[in-house]
Structure formats: structure tokens, C-alpha cells
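Okay, structure first, notes after.
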């Protein structure tokens, strides 16, 4: 029954988006004049909300513009507006970040290498290495990865479904007894390895890391909290690399004003999404995201089979 409701809800979203897109902005994104402020605000909202909950921002930023009839805004724009989410993560977790940073610095000065703050900083650092390493491998050995089959619509749908099933298993077998203070360096490495899965569009960075956290017995809110902290270096690096690309090559089919608008929109909606998720996971499970991911993936596959959605 829950899956049926999620399926119907997702279908209604797709239908509504298509109608809104056709009525408000009928032209696809093909040149610098056609990515309007309205479109940038919507795409920033999509980025902000879906980056911070375990449903994959990359998938939604590819699928939703297509459903709206706008076309794919491109990988560079998608990565750059993620910087808006970074601002919100820093804003929301400012106390955690300052405590960890200054605590780690004090520990190094006093040679207290068993300090929880130093261990947390090392955990985040070591946990970031896997996704950077594999990301560089992809850049070297699959230079056209952004246009590969792994970024196709059908691949995104399948990844969404598979990740939902992994989250089901994590919910079933995870003990959920360990809080934030019980995190150690090994946890950072394990969750960092789980984060590598996010290189596959449709998996979701927060989805893979929260799932990894649940597998090793973390509380849901603890898994989400560490997921956001761990994501800061990786998302920032990806956003800055693509920002440099846009600055070097020009903003082309996006435009500077639209990009800045998208970033600002992402800041606002990311903060709202983070605040909601952290409160939600204090008392609730992740089944709402499981049902949504299943419905999202299946609906995309149905759309492809029926010809409503193009497998690009």
C-alpha cells in the first residue's frame, strides 16, 4: 500500500512538472538566453532538496528538467550549484565544524592524538580519499563518462532501485545503537568507501553514506550527520573543478546570472532540507525514501518503455 501511494505521488509530480514546464517555460535549454531565472530557481530547489535527502540530486537534475521539457542543464551546472548545498551544510553544522577543527588543532599542539575531535577530522579526511581516487580514475580512463551509458536515464532508474534495496537491507540488519561520539576512524573509511558508489548517477551520495552508516550500526541521525560532514570535501572539490571549467570555457548554455540564481536557490532549499531530515531521522526510519526511490525508478523505466521519457 505504501509503495502504491509513493508510486501515485511520484507519477503526479511528473505529470504536474510537465504541465508547469510547458506553460511557464516551453523552450528547452539550448542557448544562453533560454535558461531563465525561473528555471534556475527550480533547478536550485531540486538540487537543494535532493542533495540533502537520500534520493540522488544528480538523478533529479537530469530527469526533472526533461520532464519539464527544458532539456538537460549539463553536468557542469549541476556540479556548480552543489556549492550552494555546501554553504548550507557549513551553515547548519557550523558548531560541529568549529568544534572539530579547533579541537583537532589543540590536540595536535598538545600531542593528544586520542582526542575525539582529531579522530573525527582524520575520519573525514581518510573517508574522502576513496571518492577522490576513484573519481580521478574515471576522469583518466573514462574521459567521456558524463556522456556514457552510466549516466543514461535507464541507468539512473536502475541505480535508484538498487540503492533502495540496499537501504532496505541496512534498515533490517543495522543495530542503530551507536551515536556520534562512538564513531571511529574505521567508520570513516567504511562510509568513505560507500560514498564511492555516489559516482554512479542515481545512487545518491547521502543515500550511499547513510546506508553505509546503518550497515555498521549507527543511529539514523548519526549516519546522516556524519554523511553531511564527510560530503563537504568531496562536493566542494567537484563543484570547484566544474566552476573552473565554466569560467575557462564560458557559461555557454547556462549563463552567469542563472548560475548564481541556481546557487542561491540551492542554499535556501538545502538548509530547509537538512533541518527537516535531521529532525525526521531522530524519530523516524528511512522507509519513506525507500518507497520513493522504488517508485521513482520504476516510473522512469515505465516512461522509457512507453516512449514518454527519452533514454538519453
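Just so you know, glycine gets a Cβ as well, placed from its N, Cα and C.
Swiss-Prot lists transmembrane segment at one of the ranges 53-73, 74-94, namely 74-94. Looking up the ranges 183-203, 204-224 in Swiss-Prot, the one annotated as transmembrane segment turns out to be 183-203. Residues 254-274 are the range that Swiss-Prot records as transmembrane segment, among 23-43, 254-274. With a cut-off of 8 Å on Cβ pairs spaced 6 or more residues apart, the transmembrane segment (154-174) and the transmembrane segment (288-308) reach 3 or more such pairs and are scored as touching.
Against the transmembrane segment (226-246), the recorded stretches 122-142, 183-203, 288-308 differ in Cβ pairs under 8 Å, and the greatest number is found for 122-142.
Take the transmembrane segment (74-94) and the stretches 122-142, 183-203, 254-274, 288-308: counting Cβ pairs under 8 Å, 254-274 has the most. Within its own chain, the transmembrane segment (254-274) is flanked in space by residues 29, 32-33, 35-37, 39-45, 47-49, 51-53, 73-74, 76-77, 80-85, 87-89, 91-92, 228, 246, which lie at least six positions past its ends and keep a Cβ under 8 Å from the stretch.
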